[in-house]
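J.: Got a structure for you, questions after.
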Amino acid sequence: MRQRSLLILTAVLTTGALSLTACGSRDDKGGDAAAGGGTTVVIGVDAPLTGDLSALGLGIKNSVDLAAKQANEKKYVDGVTFKIEALDDQAQPSSGQQNATKLVANKNVLGVVGPLNSSVAESMQKVFDDAKLVQVSPANTNPALTQGQDWNDGTKKRPYASYFRTSTTDAIQGPFAAQYLFNDAKKKKVFVVDDKKTYGAGLAATFKAEFVKLGGKVAGEDHVNPDTKDFSAVVTKIKNSGADVVYYGGEYPAAGPLSKQIKASGAKIPLIGGDGIYSAEFIKLSGKEGVGDLATSVGAPVETLPSAKEFVENYEKAKYKEAFEAYGGYSYDSAWSIIEAVKKVVDDNGGKLPSDARTKVLDAMKGVSFDGVTGKVSFDEFGDATNKQLTVYRYEGNAWKPVKSGTYTG
Amino acid sequence: MNELPQQLVNGLLLGSMYGLVAIGYTMVYGIVQLINFAHGEIFMTGGFGALTVWLILPGGTTLWLALPLMIIGAIIVAVTIAVGAERFAYRPLRGGPRLAPLITAIGISLALQQAVWAWYPGATSSLTFPEIPGGPFHFGSVTIQTGDIFLLTAAPLSMAILGYFVMKTRTGRGMQATAQDPDTAKLMGINTDRIIVVAFALGAAFAAIGAVAYGLKYGEVNFRMGFILGLKAFTAAVLGGIGNIYGAMIGGLALGLAETLATAFIADIPGMQQLGGQSWADVWAFVLLILVLLFRPQGLLGERVADRA
């Protein structure tokens, strides 16, 4: 019997140990902008650079790197050379917080772009706010990050003054998808699935509320564990529910296989999700069966905006190994807003960085306004982007094609 | 309840996969009392071995032709790694404290994950695995995917072959003897070192077949696929009675069915909506495990069955 208790004890211990070690962080020093005299300002980047979501994360890192290089090339801020320091959060809140602490400790860091995941952002906000270090996320869409936990009851309260974002929020994205499905695609019965994470659950809730308000029916609901790949039980429920569309609140590593398994079960209904599934990886994972699936994403299609043409050209010229993906334009704009703020601080201080540069940069962020890759970039009193453009994409052929773009109006 | 037949099939399929991987845990434990936590990663390398064979074969090869080669490739890769781990990591520690090889196993598990992540081209994200064309097949209200046919054939076939091997062959009887009493077995002229290698190799081979089934079923392989599945398979082995090869399969099926049925039906019980759905399936599966261990600490089929191997 002694053996058995040892067996059970070790099983429990190792389960714990394995799940802990799985969250270890891996540093990635990116950006090799040549330091050419003067002051060096570091823009931190935090994103998942490895793991399932690395396609999106590497796009963010490369785009920030591009912004830093462009600023250096143009000598945009006199006497200041920009460098990036990219850290990998593996989409884990615990790693994100460690990275935040690391970035705060580096005195040359005057702004941070990232993270990708809303749940990671929650763990970082306070660390940055305590250090008065500006954080601009290109991808977080959870409304609570800027408007407080009670945003849905109409009492908006900004929790952290150092947090900004260039993307729009789920409070807009979910309802936008609902309106498109109900009014344009004429879908009346939806099955709502989410992954219980901050982003996925928030998105699914705002979508469902609007869809029901419009008169649509919810045929069923389920929550999945995004770490597993077997959705057969959920898929069978979806098929038998008679829904004509599935809404998935979550990201492509689970959405791709889910879509594929839905189609394979014989239910020929499209899956629609938010910007977390708007990725070339979704197309790879869902395969040919996924054709007809839909995704909403923040902003107008980056490739079609005139202001974005230059970004796409420069990105191709820089020959990054990975595509800029869904958040490339937003990451570039996030980095550029920090660069603008640094420029203002330096200009106001007679061409030099003041000693309290972080606080000054934070103040300057409120007044930032410029024409970026994704349109006009500026922030409202909550730190949210003032640009509230959204686009619905459909998976056609072997790529996402924009079908409808617009601004959400209540 | 008209979805019950389909959900039962879903559960059996998932359970067969757990069972195939659980065999490796249970055989190694039965003979050297080691929980080989690297086994989930050996399963994963099998999947990558099969994928490599597919990528090397000239384009246009039909999957039916390639499949036997892929299975052989998967088995070669998985068995090589398992036997290598046994020879160079576990054997030097044999006779040492029980915890030493266990921690080593965890180390090997992490090392294998990271090695595949770092050195297999493109493995930082999921890689597409070829799929069997055609299908799906409909039997009444039940739909079966073409990829599942492989699993449905491979799992019982593997069990039959393993059962025959352990019961009827000389090496198999040697395994039983070693499991019962290694020292006496050695006195009787059994080369226990060789028997242990065979146990590792067999477990790895079945994991490799499971990995091919995984790839065909889900259409992808990734460097993390062995982690959760390995834990589930270990659970299945304990549930069925660790050390018992039939217990591994029974435990796998029980676990797969429990997860699937919990996902499907718990939410329909009045007042239980909050506790249903797929995200709670693991909780219910482990509730089942705890209940079984409370009333039958030796697992469903127990450890003291004569054909323990």
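Yeah, the Cβs are placed from backbone N, Cα and C, and that goes for glycine too.
TrEMBL feature annotations, pasted as is:
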- B:12-32: transmembrane segment (TRANSMEM)
- B:39-57: transmembrane segment (TRANSMEM)
- B:63-85: transmembrane segment (TRANSMEM)
- B:97-120: transmembrane segment (TRANSMEM)
- B:149-167: transmembrane segment (TRANSMEM)
- B:195-215: transmembrane segment (TRANSMEM)
- B:221-239: transmembrane segment (TRANSMEM)
- B:246-267: transmembrane segment (TRANSMEM)
- B:279-295: transmembrane segment (TRANSMEM)
J.: Below 8 angstroms Cβ to Cβ, which residues of this chain, lying six or more residues outside the transmembrane segment (B:39-57), approach it?
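T.: Sequence-distant neighbours of the transmembrane segment (B:39-57): 21, 24-25, 28, 66, 69-78, 81-82, 85, 108-109, 112-113, 116, 120, 123, 127, 129-130, 203-204, 207-212, 214-215, 221, 223-227, 229-231, 233-234.
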J.: Do any residues of this chain, six or more beyond the ends of the transmembrane segment (B:97-120), have a C-beta under 8 angstroms from a C-beta of it, and if so which?
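T.: For the transmembrane segment (B:97-120), the list is 33-38, 40-42, 44-45, 48, 81, 85, 89-90, 223-224, 226-227, 230.
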J.: The transmembrane segment (B:149-167): which same-chain residues, six or more beyond its ends, come within Cβ distance under 8 Å?
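T.: Distant Cβ neighbours of the transmembrane segment (B:149-167) are 13, 16-17, 19-20, 23, 67, 132, 135, 137, 173, 175-176, 202, 206, 209, 212-213, 216-217, 245-246, 249, 307, 309.
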J.: What parts of the chain pack near the transmembrane segment (B:279-295), using Cβ distances under 8 Å and only residues at least 6 beyond its ends?
T.: 232, 235, 238-239, 254-255, 258-260, 262-263, 266
